[in-house]
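**Student:** Submitted below is the structure of interest, expressed as structure tokens.
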Amino acid sequence: MVQPDSSSLAEVLDRVLDKGVVVDVWARISLVGIEILTVEARVVAASVDTFLHYAEEIAKIEQAELTAGAEAAPTPEA
């Protein structure tokens, strides 16, 4: 019988900080059609280096989308 590899808490924490974890929560509580409570949360756990790397990549994607949208929009003729 093969034992699965066990990981220590330090190894798990190192992996989470290296790769990053995002937990996105959206919940609504209502009673008889009346909204009582809405919760929206996004929790990000990552090292600063990992966060900055992915923030740069997201900025590049958003800039490419803006550029593509500007090129596709018709220009008004005078």
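The backbone N, Cα and C atoms fix where each Cβ goes, and this holds for glycine too.
In case it's useful when we look at the structure, here is the feature table from Swiss-Prot:
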REGION    9-19  region 'Alpha helix 1'
REGION    23-31  region 'Beta-strand 1'
REGION    35-43  region 'Beta-strand 2'
REGION    48-67  region 'Alpha helix 2'
**Student:** Going by DSSP, how much of the region 'Beta-strand 2' (35-43) is helix, how much is strand and how much is coil, in residues?
**Tutor:** 0 helix, 9 strand, 0 coil
**Student:** For the region 'Alpha helix 2' (48-67), what is the mean per-residue pLDDT, to the nearest integer?
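**Tutor:** Across the region 'Alpha helix 2' (48-67), the average pLDDT comes out at 87.
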**Student:** With Cβ-Cβ distances below 8 Å as the criterion, list the same-chain residues six or more beyond the ends of the region 'Alpha helix 1' (9-19) that contact it, or say none.
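**Tutor:** Distant Cβ neighbours of the region 'Alpha helix 1' (9-19) are 45-47, 50.
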**Student:** Just give the helix, strand and coil counts over the region 'Alpha helix 1' (9-19), going by DSSP.
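**Tutor:** Taking the region 'Alpha helix 1' (9-19) as a whole: 11 helix, 0 strand, 0 coil.
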**Student:** Please spell out the DSSP helix, strand and coil residue counts for the region 'Alpha helix 2' (48-67).
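**Tutor:** Tallying H, G and I as helix, E and B as strand, the rest coil: 20 helix, 0 strand, 0 coil.
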